[in-house]
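The compositional bias 'Basic and acidic residues' annotation in TrEMBL covers 68-86. Annotated compositional bias 'Low complexity' per TrEMBL: 337-346, in sequence order. As annotated by TrEMBL, domain 'Mechanosensitive ion channel transmembrane helices 2/3' applies to 104-144. Positions annotated as domain 'Mechanosensitive ion channel MscS' by TrEMBL: 145-209. Per TrEMBL, the feature domain 'Mechanosensitive ion channel MscS C-terminal' maps to 216-303. Marked as region 'Disordered' by TrEMBL: 68-88, 307-357. Positions annotated as transmembrane segment by TrEMBL: 24-49, 97-119.
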Amino acid sequence: MQTPAEQVRDAVTDTVDKTTEFDYWAFFLGTPLRILVIVVVAIILNVVVRKLIRRFAQSIADGSTAATEKKRFPAGERPAEQDPSVRARRAQRAKTVGSMLSSIATILISVLAVLMVLTELGFNLGPVLASAGIAGVAIGFGAQTLVKDYLSGFFIVVEDQYGIGDSVDLGEAIGIVEEVGLRTTRVRGVDGTLWHVRNGEILRVGNQSQGWARAVMDIPLPYSSDRATIDAVIADAVAALRRNPKIAEAILEDPEIWGVEAISGESMTIRTVIKTEPNEQWAVARAFRGEIKNQLDRRGLRIPLPQQTVLRTLPDPAHAHKDPDAETESGDGGTGTTRKSTTGSGVADGGSTKPIG
């Protein structure tokens, strides 16, 4: 039979053993272990999701590039893999889309992990979440323009509406795109002005650099020109353009004569169009106009000049020495001589021609 002292010793030892065993397993299997598991799972999930997002972004870039190139070039002529500009656009789209989606995924995973850790630590998240909801509504209402800009920028990049180097018309801003961001787009105007355009404010986009372009030329010719002469002039001008390697490379199809575009009192205007590479329509049009002028000069044809008929009343020589009042009265009475002149051709005076002024 144990003594009272032995009973007390055994009770204390048993209590200490149970307490030590409980604290030990509680430490490793309780809150700290669960927090560690939450952090590790969040890190692994973030890495996996970011890798999947990169693949998804690259597939979007490749898909939009293939669609653009299918419209832009005939099969086998100029594949996207050989075009540096296309590769640059593809890399830009993949980087922009991947960066935005990765940032969103990282923020969501981090916030979720933090909330779970706070729950394990015993915090009551009800009031916190309610306050955060109210603050989120207020911030969202104040930053709705910013959110609109970012969403618009995201879809501009994903849909490949335009890219760096494209010639675009965004309404007030017209020029060459220098940078496409998620919030703003930078466009350099023809006069050197750099426009910073918020993506949320872009309501329509006119892109002159996607697919193909068309050079449109209106050529004024004399009424006496027949169709054979016009065809010969244009054919010789195109042949001269073909001898220029830089211009010839930019021309995709032979010129088309659409016909008489306008008729005025001095001439008729013939519209001719040429299908070209993107951004090359202006250089082709300038070169074509220059060759048209050379061909017209070679044939002795001149572009019609605007003419205007002017009627003047000259004093009658028989009353030249009369006083002004008498001249005015005689002029009112019809004694003056009316003479007809044509601007640019001279003045008709009794069958003779005299230059004006």
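Each residue, glycine too, has its Cβ placed from N, Cα and C.
Through the fold, the domain 'Mechanosensitive ion channel transmembrane helices 2/3' (104-144) approaches residues 31, 34-35, 38-39, 41-42, 45-46, 49-50, 53 of its own chain, all at least 6 residues removed from its boundaries and within a Cβ separation under 8 Å. The predicted model assigns the domain 'Mechanosensitive ion channel MscS C-terminal' (216-303) a mean pLDDT of 85. Residues of the domain 'Mechanosensitive ion channel transmembrane helices 2/3' (104-144) grouped by DSSP class, helix first, strand second and coil last, total 36 helix, 0 strand, 5 coil. Across the domain 'Mechanosensitive ion channel MscS C-terminal' (216-303), the DSSP tally of helix, strand and coil residues reads 40 helix, 24 strand, 24 coil.
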